[in-house]
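J.: So Swiss-Prot has the following annotated:
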DOMAIN    58-225  domain 'Alphavirus-like MT'
REGION    428-492  region 'Disordered'
COMPBIAS  453-466  compositional bias 'Low complexity'
DOMAIN    564-729  domain '(+)RNA virus helicase ATP-binding'
BINDING   Gly603, Ala604, Gly605, Gly606, Ser607, Gly608, Lys609, Ser610  ATP binding site
DOMAIN    730-863  domain '(+)RNA virus helicase C-terminal'
DOMAIN    1102-1209  domain 'RdRp catalytic'
Amino acid sequence: MSIEAVFDQVTDPSLRAVIQEEAHKQIKDLFKETTRCNPYSIPQAGRKVLEKYAIPYNPYSLKLHPHAASKAFEVSLYEAASNYLPSTSSTPVTFMFTKPGKLRFFRRRGHVDKFVNADIVPRDLARYPRDTVYSYLPEITTTHAFIGDTLHHFGEDFLVEVFSRSPKLEVLLATMVLPPEAFYRMESLHPSVYTLLYRDDRFLYLPGGLSGGEYEHRYKDLNWLTFGTVTHGGITITGERIETKAANHLFLFRRGRLATPKFRSFDMPEPMVLLPKVFRPAKYNVQKPIPREKANKWLMYVKSIGNATIRDVWAKLRQTIANADIGLFSPTELVHLTNYFLLLGRLDSHNSFDQVLADSVLKAWFRPMVAKLQEIKHKLMGQTQFMQLCQALEMTEVDLVFEVRDSKTPHKQAVPLDREIENVLLEGVSSEPTYTETEGVADGPLPPPMQTAAEPSATSDEPESSSSREIEHQPAPEITLDEEEPQRDDLPWDAWRTQLRALGFEASERQYDPDGELISPILSTRRLPKTPIDTTLYATLDKIARCPTFYKPDTDRAQTYARDVMAGKTGAILKQQPFEWKTTLKRKTKEEPKEIHLAVLHGAGGSGKSYALQEFMRNNSDTPITVILPTNELRADWKKKLPAHDKDTFMTYENALLCPRGDIFIMDDYTKLPRGYIEAFVQNAPALSLLILTGDPNQAEHFETTEDNEINSLAPASVVFGKFSRYHINATHRNPRNLANALGVYSETPGEVKVLYTRNIKTGYHNLVPSQMKMRNYASLGQRASTYAGCQGITAPRVQIILDSDTPRCTRQVMYTALSRATTEVVLCNTMPDEKSFFQKVEATPYLKAILNLNKEIKVTEGDLTEEPPREPAPPTTHLPVENRIILNEALVEPLPDKHDREIYSNSTGFSNCIQTQDPYIQAFQHQQAKDETLFWATVEKRLAASTPKDNWTEFKTKRPLGDVLWLAYKRAMVLPDEPIKFNPELWWACADEVQKTYLSKPIHALKNGILRQSPDFDWNKLQIFLKSQWVKKIDKIGKIDVNAGQTIAAFYQPTVMLFGTMARYMRRIRDTYQPGEILINCEKNQKHISKWVESNWNHRLPAYTNDFTAYDQSQDGAMLQFEVLKALHHDIPHEVVEAYVALKLNSKMFLGTLAIMRLTGEGPTFDANTECNIAYTHARFEIPKNVAQMYAGDDCALNCRPVERQSFLPLVEKFTLKSKPKVFEQKVGSWPEFCGNLITPRGYLKDPMKLQHCLQLAQRKKPSEPGSLKDVAENYAMDLLPTYELGDALYEIFDERQMNAHYQSVRTLITCAHTKVLRVAQALQEDCTFFSSI
């Protein structure tokens, strides 16, 4: 029932009267509110538009306005803006280009608000109060400001200018009037509200369709609608569209680079399309968008009436275009529309290409090639009419969805204002007044402060003094537009040259950062009071203009740190201290704050800020000074530079807090100390009189990783103590000029830092990684590694910065720290695939073409054949005693219940059918069949998991760091070269030929069965799921009571399988050339080869370890995919192939939807990928000694040792979904490690006699007509048994009684029942060898 119908259901007159009375009260309140914000009468056409945007109006109002609807939109956005302004009227707001009378729409009284207006056009002096009009742009001294319907006339430079002149300004709100349809020069989308007039370089916005109150816009003003961020020098401003109503928009601007949407949309009343340009010259085509509904109607008309004439088309256009809309089309537009649809009517719409339904297998294979040749022919000779029609119908959707822009304003460019106001505002806006706030007692001859400060602590948190004075704004001299600032011989830092030369800098040239801004070697200067102290160190500090000043610690910060120490949430040594010591520390932090002398030395890394202090200590070793360091690495560096001092002079920060000896302390790199530590130390050090802090506020701060700590909520130390720094040395000796300038630092160091980009991890570099977990794992794999933040104090000639999914989470200071470590070379190693347009590629990737390579086959180079050594004489034959076969079978048959007690049951499909025949022995083997529907659905439920491409992508990104660890472990295990392996096209095509040859070697019926997956209409990422038909013969599954889920087979698009099968085979060939001898992969190897390897490499005196995984295929998630990506990139596989593989794994489609990331049988590289992931995981998890024999095949592995788990890997175990099933063998008779159904024994690689006997019994009990009966499999089983059979008496050295019995029964079955020739020939050869050896 609709809401309107509810009232009709009420029949009681009194109840209806009550409802109407309540409605009347609401209407009165609404009309009262509407009278305040929208009192005007709205024309009927405009009312629907207002209702669409939820703007109320009074239908009975008689008050008129020339553009009432447009005015309603303006006021509505004012009210919306008031929600983002301070809620209390006592907090001032600056209103720019706004009349004071409009404050009522913001619900403000205005007694504390400020107005900034300009005299731009003649009427401004009449509408703005004189005391609010400025001839220049003054500083905004409030935190919030508002610009009303004016910002759209200015460029982005004006916005930068407002923020750069107003350091206190935090939020700027602005309303703008810009119709988005003007991008396409369309008619007004809301003609009842406004109309548009277009000219060559400008357009007019006419509210209400009337002249007199119009806005004139340049077309570039529309760029405000796509504004995202703007960067100018050190200032970045982010804008967000808060609300849009028709052509009126409310934007909010803030400092900093914040998150913005990629796209911004605007309302489109109906879908519009832009017709393609089918005539030349281009001007004789339809230029403006038209409604898509009309375009489709006109198309269907001209195709339905037969031979359409020009008159027919004219008549249809006249019939379907409403009288009110005829004026929207110009005569030439109508002519072009008529000719366009006449052309569509004359073109043939019958498909000119061949259909494929009746194709034979041969035609189906060659059809794509024929179609491609036809397409090329038509491009050269001309298209058919059907192709012309399809091209003429490629209309462009006009949806008013635009990509949000990031832009940078040009360096030294004046604010581009409109020409009619440019001359008026040029003096006030394009010239910035230069001033600096001074504080405290002057230092005498201290050089003048620099205005180029760019330090976090140098804003509004400076200590105040009674002598502070307010500086009035003075208009600066006029600057001419579009002229470069003249270069002067005198430098802004000339007064500081003495200090700079003392640090080793000539500072005689200008250097610029990447944005073109001048880099000053001295920043953030302050005038602070001097407080002399009785120590010889004072003269040194005075000489370098670093005199100390008085300081009292913030005890709240000290107490916060003490609470975390007591709770064991910070520190390592402090956690172990007794409760009494912690209580004492907490008590001291609550005492009256001590007053000490404090000197803060700020400077870039390598600037020499600590040089004067170290020189003083070197020349005055008798002066007791204690140096406190945040890390052991930094402590070792100080000890190396000052070897004459006692080692206790240099202490880590925790030891110093435990034993604060002396009165003078230096804290180096103090920003790396825990927040609140310095204050707590001051309170805890009884004799402390002078504290010197050195550090770089641009580098990483300390961050406590323990959960629920309090100190991370405190302000960084650089913010607290930065106000006590007299200047910042923004120059370095460490980094050459190109790297330093890129970081915004001055440098005179010769040479250049080479910056490289790679996708492969190089060795021989100091690795910088974003996380502690990754650092520990890199270190455990023999890589020298530090975190981005933890590398502070390290200087290395060559640095490799590992970029992964954690890198974007790092702060600017952390990245600055990492980038400033190198002196000669920086390698940026990206371990992530390119994700910029991943989802677009998923949607837009075309079908992979099924094309056979009809080129000459190139045979892959194989290993040289080795000559077989001479055979040893066969041992004498031995007759085994006859055993009872029933004893072997009883253990399997006796515990088995009835069939239906073992089968899987489903309410919809009934029982499965895996337990077959009445033979109790055959019932011990589960027979899984593809036609078993119950088993199929049980298998799908257990083996497959549905997901979405977005969830898969999230999974992939989340587990990338795990994949990096796997790749490093695999690379180390397989002894791959450090540099990427150059791609070999000849080997690639040879592998492709092998894959193709293998596929074509299938019988014809198998090729016909796959015809659906060979068709180009089968999606490249689609797959069909089948249940594998098989007898379950794994030794641990034989005789299992409950029926288990089966195995799935995934059938992909055949060209997809061949492409990635080629990739896997190519990497296999490369792998074989580097694979160490102690590792064997059971691929393309026979029993004889493996036995020979076992004899040469396996030590049976050591314990052995084997492992299998539970649900191995389903467990290969995003971590394994990242590992495969890195492996493929290291093999230099073409990027388009790697990206296609990632897209396939993240967006594999089946009947249930998208599959989660997992391994699928039949996807191409299944075996190779399974094996290599097994190797990577095993070597990442365990410490495997060098030269230990190892065997791998898929998810099976065998190691000739008892591996020890890496401690660094323990936190990662739960992050993997892999679940191991390890076994340890002592290697003795009857207990040998099993690998792929065989036993690794001192006599070679032999078939497990128990499994062989069980399988033979199953084959013997089948009917001769059934597949897999004894006559079908006897020869194959005999070949498996032959190596064991040939050992003779040596079997007693390896088999126990149970295994010997099983071996005897197998031999007896094959010779007496199957009459196999293999064992009879072997027996004859043994007898001949025995005869000849006796002679």
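Placement of Cβ uses the backbone N, Cα and C atoms for every residue, glycine included.
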J.: Kindly state the mean pLDDT of the domain 'Alphavirus-like MT' (58-225) in the predicted structure.
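T.: Mean pLDDT, the domain 'Alphavirus-like MT' (58-225): 86.
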J.: In sequence order, which residues at least six apart in the same chain have a CB under 8 Å from the CB of Ala604 (ATP binding site)?
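T.: Ala604 (ATP binding site) has long-range Cβ partners Asp696, Asn698, His728, Ile729, Asn730, Ala731, Thr732, Val745, Ser820.
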J.: Determine which residues of the same chain, besides Gly603, Ala604, Gly605, Gly606, Ser607, Gly608, Lys609, Ser610, have their CB within 8 A of the center of the CB atoms at the recorded ATP site, and list them by sequence.
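T.: Along the chain, the qualifying residues are Leu503, Asp696, Ile729, Ala731, Thr732, His733.
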J.: Sorted by position, what residues of the same chain at least six away from Lys609 (ATP binding site) have a C-beta under 8 A from it?
T.: Leu601, His602, Gly603, Thr694, Ile729
J.: Count the other Cβ atoms sitting within 10 Å of the Cβ of Ser610 (ATP binding site), across every protein chain shown.
T.: 20
J.: With every protein chain in view, what's the tally of Cβ atoms within 10 Å of the Cβ of Gly608 (ATP binding site), excluding that atom itself?
T.: 20
J.: Work out, from DSSP, the number of helix, strand and coil residues along the domain 'RdRp catalytic' (1102-1209).
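T.: Final tally across the stretch: 44 helix, 24 strand, 40 coil.
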J.: Please determine which of the binding-site residues listed here (Gly606, Ser607) has the lowest count of neighbouring CB atoms within 10 Å.
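T.: Comparing Cβ neighbours within 10 Å for the binding-site residues Gly606, Ser607, Gly606 has the fewest.
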J.: Measure from the Cβ of Gly603 (ATP binding site) and count the other Cβ atoms within 10 Å, all protein chains considered.
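T.: Result for Gly603 (ATP binding site): 27 other Cβ atoms within 10 Å.
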